[in-house]
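A.B. asks: Please read through the structure below; I'll follow up with questions.
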Amino acid sequence: MNPLKKLAGQTAIYGLSTIIGRLLNYFLVPLYTYQFANPGEFGVMTEFYAYTSFLNVVLTYGMETALFNFSAKSNDGVTVYSTALLSLVLSTALYLTAVLWQADSLADLLQHPDRADYVRWVAWIIALDALAAIPFAKLREQQKAKRFAVLKTTNILVNIAANVFFIGLCKGAYDSGTAGSLAWAGRLYDPEIGIGYVFIANLIASGLTLALLLPELAAVKLRFDVALWRRMLAYALPLLVAGLAGMVNETMDRILLKYLLPADVAMEQLGIYGACYKIAILMSLFIQAFRYAAEPFFFSHYRQKEAKELYALVMNWFVMACSLIFLGVMLNLGWIQYFVGARYRAGIDVVPILLMANLWLGIFFNFSLWYKLTEQTRFGTYLTVWGAVVTLALNIYWIPRLGYRGAAWATLACYGSMALLSYVLGQRFYPVRYDLKRILGYPTLAVGIWRLTERLPPLPFWAEVTFNNSLLLLVLALAVVLERHRHGDPAPVR
């Protein structure tokens, strides 16, 4: 089989399972925001999952990538796998023991003194996911894409089912005082746990996933090569630094909001921001799908004569697509806002800022192909650390002054500055003649059209939906026609 076709097929499987999973989880947001009308409860969940993102990076400490690297270069892949897995088993056991032992103290430290149970549940989730990381990496290394996708999808479906059961059925029955056939469901619900049922559902899914990975876990041999382990750590720890910097860019705003806002409003503001942040994920879903397809595409065309022209053309189409997604969401925000509960809609004005931030993150990804193609990946770490510095500085400055809106603007500034810096460096090391007029023009035009429609007289709901989406289709048609007239069909493969 053609290796590029095989790569593309596996990319589609990995990408489809991940993106469908995120999309399905996306639809849990209405369940949370309508069942938990107080944004403060959603804020607690948002906060704990922000910590989880950091700890997932810390507890895997780059060992997945180290497994790929050393397995490819070693004749003894069994020892590499065993060493990596046993390393994570030991470190995870130490982490879990420490957290469970100090759960009450950690709950006090996090200013949730009555929520040591949340700390324990989240600690178990992180531990189970860390233990599953190396077996999942082994599946990827063995190119078992279908089993990987099935297990990931199973995890997501179980998580969703458990959420619907505990929060939709049991909480719904409890709140309504349902008698008869559903009375049992109401009796299962404990209002003291509250939003903690989200963690319980996640814990069930993570536990089942690890159980399904038992064949991969059982395959490990009790071999721990200390010299190999030291080399793997030396390789992996710089990746940990880059991973942590990336997490700062992605999640630090949701951690800092709690500590930089007055205590009486912090959790409510965090809940509002966290819920509205989910709406902007529509853009990141497209960007993630694009990345799965684009990375092998960029590498496969690297040595071709017209590669740079092709990369510039791909950028044009990408920015056009993202600008249309921005416009589509904003022209339909009148009804999309009902995706979240009433009290969460106070923060709906951050959605365009976060959409544009994600657009610039996508542009950064495209600009950054230069350091991947030229094998200067250290610049990826430098750029990510730069973004983390911008994120921290602007969040610390803006959140006390602007609240969660400051966090949104900091995210936009972070990704925008990373894209600009990557472009400047790229022109030095691997110059591509990008069409900057289009790269800047499409987002500007999208914002302009949206702002113009905001100034039009109000219309009845269905008339407004019809008008806005007709306008969107017209803009889409004009953009495609103009781009094709100038360049031909998108991304031709020669």
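Indices start at 1 and increase along the chain as displayed.
Glycine residues also receive a Cβ, built from the backbone N, Cα and C atoms like all the rest.
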A.B. asks: Could you tell me which of the ranges 406-424, 444-462 is annotated in TrEMBL as transmembrane segment?
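C.D. replies: That would be 406-424, per the transmembrane segment entry in TrEMBL.
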A.B. asks: Give the nonlocal contacts of the transmembrane segment (194-220) in its own chain as ranges (CB under 8 Å, at least six residues past its ends).
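C.D. replies: Distal contacts: 32, 36, 41-42, 44-45, 48, 81-82, 85-86, 115, 117-118, 121-122, 124-125, 128-129, 131-132, 135-136, 138-139, 151, 154-156, 158-159, 162-163, 165-167, 170-171.
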A.B. asks: Could you name the stretch, out of 80-101, 121-137, 149-174, 310-338, 350-371, with the greatest number of CB pairs under 8 A to the transmembrane segment (232-250)?
C.D. replies: 80-101
A.B. asks: Does the transmembrane segment (270-290) reach the transmembrane segment (48-68) with at least 3 CB pairs under 8 A, where each pair is 6 or more residues apart?
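C.D. replies: Counting Cβ pairs under 8 Å, fewer than 3, so no.
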A.B. asks: Which range wins on Cβ pairs under 8 Å with the transmembrane segment (310-338): 149-174, 350-371, 383-400?
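C.D. replies: Most contacts with the transmembrane segment (310-338): 350-371.
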A.B. asks: Who are the chain neighbours of the transmembrane segment (48-68) in space, where the CB to CB distance is under 8 Å and they lie at least 6 residues beyond its ends?
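C.D. replies: Sequence-distant neighbours of the transmembrane segment (48-68): 80-81, 84, 87-88, 91-92, 95, 118, 122, 125-127, 129-130, 133-134, 136-138, 140-141, 199, 232-233, 235-240, 243-244, 246-247, 250-252, 254-255.
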A.B. asks: Is it the case that the transmembrane segment (406-424) and the transmembrane segment (149-174) have 3 or more CB pairs under 8 Å, with pairs at least 6 apart in sequence?
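C.D. replies: Checked: the transmembrane segment (406-424) vs the transmembrane segment (149-174), no contact.
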A.B. asks: For the transmembrane segment (121-137), what are the same-chain contacts with Cβ under 8 Å, counting residues 6+ beyond its ends?
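C.D. replies: Same-chain residues near the transmembrane segment (121-137) but 6 or more away: 48, 51-52, 55-56, 59-60, 63-64, 67-68, 81, 84-85, 88-89, 91-92, 95-96, 99-100, 103, 148, 151-152, 196, 199-200, 202-203, 206-207, 209-210, 213, 216-217.
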